[in-house]
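TrEMBL annotations:
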BINDING   B:7, B:8, B:9, B:10, B:173, B:174, B:179, B:209, B:210  ATP binding site
BINDING   B:47, B:74  substrate binding site
DOMAIN    B:264-338  domain 'ACT'
DOMAIN    B:344-411  domain 'ACT'
């Protein structure tokens, strides 16, 4: 008797008919003897409606109250889902964030899960009940509602799967799985059958929208086999799993891009110990996540510091940085919101040199200038001018032969 | 520094503009130095939308899940309200049923409040915060969401006022106050300035829709001065208060009607001890509230038992009663859903005889047959054929001179 966690996004539960279809799918697996835990998002469109309402009340809506508002959306879908299952004669119970005791930190609108209490869920599963959990939401120590930010329902699903030691966690979405790159940008993009947690982590953090990065992190840490698939077909999607030998033959698994970042540069910063800390502590305290950081040393103990932040946090970050720049005696602060980060990812890179060089070469051939570079064991990222994004993605996808299932050993 | 609880219904918070207007009203009193606690309903129309959605999922929606669904409506209005107040530069915090710890029994969709924890609210009030509480909802010992049934937000407001020992509790609605009868039925209906808790209890239980009966009961028990008034004007409404001498000069305060009940008669019941209990225990266990009960003794130890139940519970009640009728050897069960209960209410009745007789006389004069009669110290109710409702109301309102502020001592 397997424990299966299934997560369905907003387009999968957009109206009563679709909720019933999802219930049918879940009940089928329940009838086959599986213990089912379902995580739902709000109906597609609800979150936008709430954001619109909130903005009519307050220019920058209060984060605590925003979470109270947003979390009501999942409350609607889980209760309707439970009714649909009960109407079909099976037992089902809905649980909200506070009822599962999904404890988070207090960072409203992008909280992180600290713990989950499985007692109540295990009791219900033993009683043969299907459990439907409101995704995206948690609760602080003080019983305040929090939400987990973009893709939060994925995180809820994987965290539940980890806590319940589920046999698998299926993320249902409106695409067929994880692709070698965005099919809208590159027509030869191919669905990947199997991918490692590490590759998926890099892809997710680099802009692939199909899975939230925190959910992949959870899945990796607790070794939860993750299956990303379409709500609207029975086709297998992409399995995100632990690495095995066969995967290393793939030099590059995917090409990804991210247009949601902005660049900030502080010029001529006095290069003394503690400077980086003075710059980044207040940014981090404001809940802004800094991605790439590059520091170039100049002559006479001065340095230039460049980093990227989410584009939505750009104004707030600039305000903070301009204040600090004055305090630490930096010369100037400049920024650019029209950037894109292009990345290639693959576990095969570990054992092969020259992948980064190939990437730089291809971008140069297309006359695309690189303004920042960052690398890890299994990825290379370049920041370029936003307008070259699609061109760069297609050129790299072609150069690394990603349209083919089995790539040559070397390119 | 007074503590004031104000409750605004669905039409008062139907859209962002109206929510802002309500926030202005509350902030004005806050700026005058009062400690403000606001209770809100869901936006007008939301509850109907949810009921429609639920019925698409399950013919008779599961009560526990219905409460999860319905309670999301208040979550939306309280968070938007808090944002509106914060946008104006004052501090405000929204609290849901579980955050105020409004503990109820487990009777889903019509739960009763057992206790309220004021610690968190008092702390916030001392900090100068305006508190906005989601009306209509509570929480069971097991942390399941409950709702308090029709008019539940009134009950929330008065219960909070009682728990906080508030100086007054204002119920804002879309009418100007409590009327001598329904102005839609009787054009000479007059707004009442002051009315006693007991009269209001009778009026509310007899069908006056302006206030929920449980909220009046709470107000009476904890001596909370209740002010029923319009959201859309600054005019004083109706104060519901303790009785004083001047009130006794009014023989009748109001005429009310209720078309939401149905009659059930069990004929030729063996008249043995315990019969009434055998009939009414299972009805009560099903959560059905029986209103009037009349028993007529026949010859040869047989009796007829007639009672009324809410019309929405009629089918369920008939099913139960037919089963019991077979078990206890009654001859037959009949019912009628086309009834109305017409009542006159007034504390002055206590010291004057002949009020009931006058009522019977007036109904007879209009050729209206009375099928059941029930009386208390301060009211007389008659069940009549539903189609005569409006005629009966107007005739009684005229006969007792309710259009005049000061009635004659005798009619």
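Just so it is clear, glycine is given a Cβ too, placed from its N, Cα and C backbone atoms.
Feature annotations (TrEMBL) mapped to structure.
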residue: B:7; record: ATP binding site; Cβ within 10 Å: 27
residue: B:9; record: ATP binding site; Cβ within 10 Å: 21
residue: B:47; record: substrate binding site; Cβ within 10 Å: 19
residue: B:74; record: substrate binding site; Cβ within 10 Å: 32
residue: B:173; record: ATP binding site; Cβ within 10 Å: 23
residue: B:179; record: ATP binding site; Cβ within 10 Å: 23
residue: B:210; record: ATP binding site; Cβ within 10 Å: 21
Next item on the list: Please report how many Å separate the Cα atom of residue B:47 (substrate binding site) from that of residue B:9 (ATP binding site), as a whole number.
Entry: 12
Item checked: ATP site span - longest C-alpha distance across B:7, B:8, B:9, B:10, B:173, B:174, B:179, B:209, B:210, in Å -> 21
Check: So, in DSSP terms, is residue B:74 (substrate binding site) helix, strand, or coil?
Finding: helix
Item checked: Mapped DSSP class for residue B:9 (ATP binding site), helix or strand or coil -> coil
Item checked: Secondary-structure category, per DSSP, in which residue B:47 (substrate binding site) falls -> helix
Item checked: For the domain 'ACT' (B:264-338), residues assigned helix / strand / coil by DSSP -> 29 helix, 26 strand, 20 coil
Next item on the list: Take the C-alpha atoms of residue B:210 (ATP binding site) and residue B:74 (substrate binding site) and report the distance between them in angstrom, rounded.
Entry: 20
Next item on the list: To the nearest whole angstrom, state the Cα distance for the pair residue B:179 (ATP binding site) and residue B:74 (substrate binding site).
Entry: 28
